[in-house]
2 protein chains.
Amino acid sequence: MPSEFELIARYFVQRNEGESTGVALGAGDDCALLVPSSGQQLAVSVDTSVVDVHFPAQAPAWAVGYRALAVSLSDLAAMGARARWCTMAVTLPEADEAWIEAFSQGFHALCAESGISLVGGDVTRGGLSISVTVHGEVPAGAALCRNGGKAGDIVAVTGPLGGGHGGLVAWQQGMRDLADPLLSRYLLPKPRLSAGLVLRGLANCAIDISDGLLADLNHLCEASHLGAELDMERLPLATGLEDLLGGEGARHAALCGGDDYELLFSLPEAFLTEAQRRLRECSLDLWPIGRLHAGAGITGVDEIAASGWQHFPGGAS
Amino acid sequence: MPSEFELIARYFVQRNEGESTGVALGAGDDCALLVPSSGQQLAVSVDTSVVDVHFPAQAPAWAVGYRALAVSLSDLAAMGARARWCTMAVTLPEADEAWIEAFSQGFHALCAESGISLVGGDVTRGGLSISVTVHGEVPAGAALCRNGGKAGDIVAVTGPLGGGHGGLVAWQQGMRDLADPLLSRYLLPKPRLSAGLVLRGLANCAIDISDGLLADLNHLCEASHLGAELDMERLPLATGLEDLLGGEGARHAALCGGDDYELLFSLPEAFLTEAQRRLRECSLDLWPIGRLHAGAGITGVDEIAASGWQHFPGGAS
């Protein structure tokens, strides 16, 4: 296996210095040097993807690289931040170089798609895991926090749910075609960065659905000191989910399955039309699924559908 | 084992919002929100510490936490940046909670010592490894880069060398007392943050010695397109190193052993006295060990002492 230096130089360095990228000095020195924009706050988050916990060992390397960045970018999306810079720490067993090349290409592909610059990395020997720290920018006071929900707000999501869990099940059943709508939801999630940007000024609170709808709605409710009433009839289900899991299984996956990476947010009813218009411009929908109210807890969910959600695999890490 | 949420809440969250910390929103939302200082560049670096690669599995948990942050902070020191914010991604096997508590205390202790705020974390299940991304600030144009060395510059270090490797040998021989000068150099390295700050405006280039003096001096020389002449007589050796390894072994460790985390830098001879004065105020010394010259490569090192340095363990990752 080539040395750390060779691997970094060959696969993980982007030449990205420039005024538009805000990179004064890229990878290759002790630190990268970045130029924050005036009047903006820096939004920072880190996520680790571990083999056989967050993705299967046999997943295509390209998808592993893409997905490791996607789950971190999803946190910037949920904050309404513009993606700027990231660092990646990857721990690798004695992997073959073809795997590393495909992995880095998946990572770089999403860098290009999302406009983020890779500015630092570390490559070490060990069990396969990838930690990505992302940096975004958001005007002071404009970030979409979890604690801003208001009683009476509409609760909505940016897309159909349950696909992350459905894709995992499809993978376990032997599906390997990344064009499959469920498998692609699981292995190639799309961080909703443009949704986060256009919801600024409209949404009162937001989170990305990584732990499952009920778990993440619960985070919003607790932070906002409110309760929520869900309308199960309006819950959008991922394409193909009912065929794969049946009606009850599909609703359970939409409520409790993790890894959907759609945004979950609340907004005043008066902003609903404008939010729908803006999201449509990003080729996204807005699905109202309930309402916040004074009180606590989540109602409107039948117990069977929600049973066991606290110990559901998607919520484990 | 408690859930990720419980672990993070119990051991890895600092309440550190405030104007002085530059933290507008700490851990607990999708992202932390930071307030960069006007006119400063952001220096960013990431380092991963893997069990049995970077530290022994039996190392005290407190030291593992301290050390994981120290090696990342050392990169800020080498850049002349002021430490501001960090994120930590830790992957843990089924560890006992006492271990995690001690680990977090070691990490937080160095946060307090260095004035850095922990603003985000991720805890996942897997083989023990810790990735720390650090963020520092440095006035635009003031950073100490690797490529600024000038022919004629004095090459100097901030402290005696070889202690990192000596401590590893001492550990392997059964030494367990963290007060031992060599063992503490290995397990509790001191990032030279104050040295980096006072060397701004004096040093032309700098790096921290993580891969070993020769390897890191080589990085400076290549980046600056220069050569260096070392004066082996002036090489400062860590206390106790000759007793442990003999004269030749000690010189070899000082040249090739990694993990010393002293700063290696070059500066014009005219600035030597001022640099010594400033470092003394930080309770540090300045040890001149050679000179940069037009040309390439490193001379003044006898071959036996330097033999095999490219494959020395310290340089492996």
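A Cβ is built for glycine as well, from the same backbone N, Cα and C atoms used for every other residue.
The annotation domain 'PurM-like N-terminal' is assigned in TrEMBL to B:28-138. Annotation comment: TrEMBL describes B:D30, B:D75, B:D208 as Mg(2+) 3 binding site. Annotated Mg(2+) 1 binding site per TrEMBL: B:D47, B:D122, in sequence order. Residues or ranges marked as domain 'PurM-like C-terminal' in TrEMBL: B:150-300. Under the heading Mg(2+) 5 binding site, TrEMBL lists B:D211.
Other C-beta atoms found within 10 angstroms of the C-beta of B:D30 (Mg(2+) 3 binding site) number 28, with every protein chain shown included. Note: the CA-CA distance between B:D208 (Mg(2+) 3 binding site) and B:D122 (Mg(2+) 1 binding site) rounds to 27 Å. Cα spacing between the residue listed as 'Mg(2+) 5 binding site' and B:D30 (Mg(2+) 3 binding site): 35 Å, rounded to the nearest whole number. Note: the CA-CA distance between B:D30 (Mg(2+) 3 binding site) and B:D122 (Mg(2+) 1 binding site) rounds to 11 Å.
Averaged across the domain 'PurM-like C-terminal' (B:150-300), the predicted model reaches a pLDDT of 97. It is 9 Å from the Cα atom of B:D47 (Mg(2+) 1 binding site) to that of B:D75 (Mg(2+) 3 binding site). The separation of B:D75 (Mg(2+) 3 binding site) from B:D122 (Mg(2+) 1 binding site), Cα to Cα, is 22 Å.
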